[in-house]
Amino acid sequence: MTHGTRRTAPPDDGPANGEEGSSPDGSAPDGEQHETPPALATRWWRTHDDELASARWTGMVRRLPTLVGQAVRLAWTASPLDTAATIALNLAAGVFTAIALVATAGVLEELFASGPTPDRVRAAAPSLILVAGSAALRGALSSAAGWTQSRLEPQVERIAELRLLRLTGRIDLVAFDDPAFHDAAHRARLRGIREAQYVVSHTVNVLTGVTGLVSAAGVLGVLHPVLLPLLLLAVLPEGWAAGRAARMRHALLVALSDRHRRKWMISDLLAERETAAEVRSFTMRDLLLDDFDRVARYERDAHLRLARRQALVRAGGEAATGAATVVVYVALATLLVTGGMPLAVAGTAVIAIRSGQSALASTIVAINSCYESGLYFNDYVEFCASARAHLPAPASLTAPAEFDRISVEDVVFHYPGQDTPALDGVTVEIRRGEVIALVGENGSGKTTLSKLLAGLYSPRSGRVCWDGTDLADVDPDTLRDRIAVIAQDHTHWPMTARRNVVMSNDDDPARLERAAALSGADAVVAELPHGWQTLLDRRFADGHELSGGQWQRVAAARGFYRDAPLLICDEPTAALDARAEHRLFESIGRHVAADSGRTVVLITHRLASVRLADRIYVLDHGRVIEQGTHEELMRQGGHYASLYGLQASAYHADIDPAGGRPAAPSVTRPSAHHERTDSSA
Ligand SMILES: Nc1ncnc2c1ncn2[C@@H]1O[C@H](COP(=O)(O)OP(=O)(O)OP(=O)(O)O)[C@@H](O)[C@H]1O
């Protein structure tokens with residue numbers, strides 16, 4: 001399938017039964033029947049598919065030491081004790097495997113010696129006890145190693161998640177505006193973290209397999225030098241079959257990944273709450289089910305074909321192993337007949353070769369899995385490194401507790417990857433206790449400026465100062481403690497109503513009551529089944545959903561609750577009804593600014609509401625083009641006056657939309673007369 005392009009096959013291009021195409025390896029069928037929505041083209045979750053599909057064993061083995069190093073370091077951070085125990089126990093189990101094999105040689109040697117049977121058994125008894133003891137110990141050590149390994153996994157997962165979240169929670173906000181960084185974060189968080197524990201487990205499995213293999217090889221080398229090449233001969237076919245089957249399965253998973261994702265998407269569409277209403281309104285169920293089943297049948301057939309091909313490969317491997325075994329036995333028999341090897345040694349060799357074969361097969365599977373997990377785990381490692389580079393520079397100063405004057409001085413700000421500045425030489429002054437309004441058309445830079453004022457972005461040039469203290473030198477967390485924000489794109493936190501306002505453990509009932517009264521959230525909470533304790537998320541039992549306007553009141557309460565000298569309100573009333581809007585602006589203007597002496601920066605398109613502001617800054621294309629009080633700006637008859645006139649004219653038919661002068665209403669429908677005039681023109 002070509003990603004990111006829309007393809008629709010001709011009607012008779014697909015298989016006769018209407019199922020997806022049926023290329024033998026599950027690769028893209030020629031008869032693709034579906035359009036590929038752009039969303040499907042984002043394959044962050046299988047970024048390394050091509051790399052994996054083309055990987056060779058030599059490349060995998062070369063990469064192994066780095067992977068093992070990373071895995072062991074991570075495991076060590078998670079739990080040095082469990083890491084050391086897992087490694088030591090696996091190594092010890094390998095040693096006892098070797099001891100058991102050597103002791104087996106002793107047993108066989110005594111049993112095949114001349115003399116009466118009871119004497120031979122008696123002579124073999126010490127070695128027999130050693131074999132039994134070693135086998136028991138090896139079993140106990142392997143079980144203990146399995147236990148410490150499974151203890152390690154959740155600890156590794158926790159450490160990996162915490163490490164990533166600690167970093168992502170601190171990095172500069174601007175990093176999230178960089179699509180590449182955002183993509184990398186997504187991959188690291190959704191796949192990389194999960195693979196961290198698997199990398200550790202697969203590494204341990206590689207270690208276990210290699211230990212078993214080395215034990216078998218070591219014993220054989222000690223018994224007779226010719227046995228090593230015989231071991232190689234015996235294990236290679238089985239190793240090849242195991243490796244080939246693993247790669248075939250992997251190639252199929254890679255080839256099916258987009259279909260698998262489509263299945264997920266369809267199943268989400270059918271099962272998620274957000275889409276449930278429209279699935280029903282537009283009677284989409286059968287269409288989606290058909291789509292789902294078509295992909296599911298294609299997957300099923302591909303898996304059935306894989307099972308057949310894997311069985312063939314395994315059968316081929318078994319046959320080759322059988323042939324190799326015959327060669328091994330013939331070689332052993334020749335050595336026995338020619339007196340080159342005692343019978344006991346040959347018997348032990350057979351056991352050691354079998355043990356080496358199974359160790360190699362599991363090593364190969366473990367290396368394959370380790371390599372795949374390692375690629376995704378590497379995304380995590382690289383993301384953590386790049387996240388560290390996005391951490392704010394250590395600041396020497398704590399933000400001042402109060403300010404008399406905030407000055408934005410000739411600030412320029414670019415979003416990552418953007419040539420055009422979002423703010424271009426902006427200068428603004430805010431004095432304590434003032435209400436400052438930022439107005440302007442969509443995209444003029446108001447929200448960006450408010451985020452600089454909130455300490456969320458840093459300017460490329462220019463300064464934002466609190467009484468002469470450049471915010472660039474201030475610890476951002478201490479600064480953000482002094483600022484409350486009622487955000488345009490506020491979050492619907494899946495928490496209780498109380499938590500949605502308080503946002504911390506600093507729960508002050510009186511302050512909560514006041515914030516709720518100012519914002520109108522009191523009326524919302526009064527209707528909730530459990531009041532402030534109501535969980536605001538329908539996805540949970542007993543959860544409750546709010547309307548857009550109700551959420552906005554809660555978000556406003558969140559801003560009022562915070563005991564901060566600066567309150568930034570970005571479109572705080574966009575979803576409110578007329579009465580709630582009026583009340584909120586009153587709250588902002590009178591109660592907050594006048595009563596408590598807080599300073600307010602207000603962004604709104606409701607220009608009637610900024611008349612109360614002490615100063616209005618008008619932005620256009622990232623520049624301040626006008627400033628002054630409402631009256632001054634109206635007298636200037638510029639951009640502000642034009643916007644104000646336009647809005648006012650919607651309510652008053654006698655105001656000119658162009659300049660605030662009396663004129664005809666601005667909201668008009670083309671009359672039949674106009675249409676005729678236009679068409680005749
Ligand atoms: N995350 C971002 N990445 C890149 N560009 C952005 C980003 N956010 C905003 N911009 C761009 O920066 C400019 C200013 O956007 P901003 O959101 O500050 O405008 P605004 O005046 O608040 O608009 P609105 O009234 O629609 O809320 C716009 O051109 C916008 O496209």
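Cβ from N, Cα, C; glycine included.
Heads up, TrEMBL stuff is auto-annotated, nobody curated it.
Lifted from TrEMBL, the feature list:
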- 1-41: region 'Disordered' (REGION)
- 84-372: domain 'ABC transmembrane type-1' (DOMAIN)
- 87-108: transmembrane segment (TRANSMEM)
- 128-148: transmembrane segment (TRANSMEM)
- 199-220: transmembrane segment (TRANSMEM)
- 226-243: transmembrane segment (TRANSMEM)
- 326-353: transmembrane segment (TRANSMEM)
- 406-646: domain 'ABC transporter' (DOMAIN)
- 655-681: region 'Disordered' (REGION)
- 672-681: compositional bias 'Basic and acidic residues' (COMPBIAS)
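Between the transmembrane segment (326-353) and the transmembrane segment (199-220) there are 3 or more Cβ pairs closer than 8 Å, counting only residues 6 or more apart in sequence, so the two stretches are in contact. Using the rule of three or more Cβ pairs under 8 Å, pairs at least 6 apart in sequence, the transmembrane segment (87-108) is not in contact with the transmembrane segment (226-243). Model confidence over the domain 'ABC transporter' (406-646) is summarised by a mean pLDDT of 89.
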